[in-house]
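Trainee: Questions regarding the structure given below will be posed in turn.
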Amino acid sequence: QIPIPSVPAFQPSTPIPERLEAVQRYIRELQYNHTGTQFFEIKKSRPLTGLMDLAKEMTKEALPIKCLEAVILGIYLTNNMTTLDRFPISFKSHFSGNYFRHIVLGVNFGGRYGALGISRREELMYKAPVFRTLSELIFDFEEAYRRCWHTLKKVKLGHCVSHDPHSVEQIEWKHSILDLDKLTREDFRKELERHARDMRLKIGKGTGPPSPTKDRKKDVSSPQRGQASPHRRNSRGDRRPSGEKKPADSKAMPDLNGYQIRV
């Protein structure tokens, strides 16, 4: 029988770089899918919660994966690392008259950049978080492509992914699209650093990870939540200083409990 890789588990004291190495080992142990058949259908437009359910299924099936599946799996396995920023990095390269596309999960811990992923080429997957700037990381990938006789044509950078596995947000896959044929080397570097700065500002404003759960509940509501709006009004009423209005009538209480059970 073929051994099934074990999903990495960590102690709270395990340093983030060691955790990233363990996650990458697990992705590598699943092996690259050379069959020509994709075992898991990934729609980039799905909300994060749906993609995390798919990642959980990947860990159960333990089938070979490709680069996009590795990115989803990398997000799933690093969700509890709240001090780690994760963002997708897509590449388009050219070789022998053909174009090739690849994607990895960029990571930033303590101001140092790295990447998780899987590829046919060892140089185009894992990068330890040792790069001082985002441009250094991307230039390292560009050099790796050059060693594979590929010419890097485009780089697409997404924004940071929420750490909330139940978030209904969509992953922003291509916030910045950089065409290397239209940019000088210095302009390319400046655009990369601009994107890194945008990510830091987004996180600083509180719109990056962790997910803005309160806003999500307010803006995206199911029919059940809409029906239970009196419960939310009662919650606000509970916070009023008046003690006489706090007890609810006997008819309201069963409805309140029923709502809690459904949730």
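Each residue's number is its place along the chain shown, starting with 1.
Backbone N, Cα and C atoms are what each Cβ position is placed from, and that goes for glycine too.
Per TrEMBL, the feature active site maps to Cys67, His102, Ser119. Feature annotation from TrEMBL assigns region 'Disordered' to 197-263. The compositional bias 'Basic and acidic residues' annotation in TrEMBL covers 235-249.
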Trainee: Distance check, please: Cα of Cys67 (active site) against Cα of His102 (active site), rounded to an integer number of angstrom.
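Mentor: One finds 7 Å between the Cα atoms of these residues.
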Trainee: Could you tally the C-beta atoms, other than its own, that fall within 10 angstroms of the C-beta of Cys67 (active site)?
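Mentor: Cys67 (active site) is surrounded by 21 other Cβ atoms within 10 Å.
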Trainee: Calculate the distance in Å between the alpha carbons (Cα) of His102 (active site) and Ser119 (active site), and round it to a whole number.
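Mentor: It is 8 Å, counting Cα to Cα.
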Trainee: Given a separation of at least six residues and a C-beta threshold under 8 Å, show me what packs close to Ser119 (active site) in the same chain.
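Mentor: Listed in sequence order, they are Tyr32, Cys67, His102, Val104, Met125.
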